[in-house]
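As recorded in TrEMBL, the features of this protein are as follows:
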- Asn107, His112, Glu117: oxalate binding site (BINDING)
- His110, His112, Glu117, His161: Mn(2+) binding site (BINDING)
- Cys33-Cys48: disulfide bond (DISULFID)
- 62-215: domain 'Cupin type-1' (DOMAIN)
- 1-23: signal peptide (SIGNAL)
Amino acid sequence: MAAAKIILIAALIAFMAASHGLAADPGPLQDYCVADYNSTVFVNGYACKDRGLVTADDFFFSGLDKRASTANRLGSNITIVDATKIPGVNSLGVSMSRIDYAPYGLNPPHAHPRSSEILHVVEGELYAGFVSANTEDGSNLLFAKKLRKGDVFVFPRGLIHFQFNCGGSRAVAFAAFDSQKPGLVTIANAMFGAHPAVDDEVLVKAFQLNEATVDWLQKQNWLDVST
Ligand SMILES: *[C@@H]1O[C@H](CO)[C@@H](O)[C@H](O)[C@H]1NC(C)=O
Ligand SMILES: *[C@@H]1O[C@H](CO)[C@@H](O)[C@H](O)[C@H]1NC(C)=O
């Protein structure tokens, strides 16, 4: 009996530790905390709007049926619907996006520091994948697949991933996140488009490039295709 109790307590502690470790955004402590975009209080997320002023529209967004313009260098456009677009999403730990791809358009290698992502292809064909963190032997594993309409692919939190439209026609996908604001680090932009610029010597050594190439890369327009 005592042994059973100890096992039960140990299991409970392990479960609590695991569920805490796996959570992305912290769990809400109330039914909702609709963002008050006017508040100047600095908190993790947004301060809550007066409950008496909350309406259905606070939990609503419209427009994800619309194709965003992909007439840019990358041939893609990401419409993010997060806590900055739906105030009711504040503190709930979810968000989503629509991604449009021109033929051969690319959602360039990037990572979300606060969220995993599950992607659903609704139109076209994508070559999508992510790269593992450094393994024990110092290599990085690529997990990539060709996706078609109806296919779903998962990108683990924090790992670098991408989608490329490998079909000849346009493509559309929707993504869901376990964070109200997943964050976006576009790898090339972060390294070659930082302000102020990362020192040449750092980039020359890190990427095994010569200085002229680094200078050229730093002069490029590192586009952010998310809105
Ligand atoms: C924020 O300020 C605007 C303009 O004063 C007002 O219309 C709006 O209702 C305010 N929002 C909240 C959540 O208080
Ligand atoms: C993304 O689409 C929106 C809506 O069509 C457009 O206003 C914006 O300029 C586009 N962004 C890029 C980088 O093409």
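For all residues, glycine too, the Cβ spot is worked out from N, Cα and C.
Neighbouring residues of the recorded Mn(2+) site, listed in sequence order and excluding His110, His112, Glu117, His161, comprise Ala111, Ser115, Phe130, Phe155, Leu159, Ile160, Pro182, Leu184 (Cβ within 8 Å of the Cβ centroid).
Counting Cβ atoms from all protein chains shown, His110 (Mn(2+) binding site) has 21 others lying within 10 Å of its own Cβ. Close to Glu117 (oxalate binding site) in the fold, though at least 6 residues off in sequence, lie Val154, Phe155, His161, Ala175, Ala176, Phe177, Pro182, each with a CB less than 8 Å from its CB. Across the structure, Cys48 (disulfide bond) and His112 (oxalate binding site) are spaced 25 Å apart at their Cα atoms.
Within the same chain, the residues at least 6 positions away from Asn107 (oxalate binding site) whose Cβ sits under 8 Å from its Cβ are Leu74, Ser76, Ile78, Ile99, Tyr101, Phe162, Gln163, Phe164, Val225, listed in sequence order. Same-chain residues with CB within 8 A of the center of the Asn107, His112, Glu117 CB atoms, the oxalate site residues themselves not counted, are Ser97, His110, Ala111, Ser115, Leu119, Phe155, His161, Ala175, Phe177, Pro182, Leu184. As a whole-number mean, the pLDDT of the domain 'Cupin type-1' (62-215) in this prediction is 97.
The disulfide-bonded residues examined here are Cys33, Cys48; by Cβ neighbour count within 10 Å, the least packed of them is Cys48. If you draw a 10 Å sphere around the CB of His161 (Mn(2+) binding site), it holds 22 other CB atoms from the protein chains shown. If you measure from the Cα atom of His112 (oxalate binding site) to that of Cys33 (disulfide bond), you get 23 Å.
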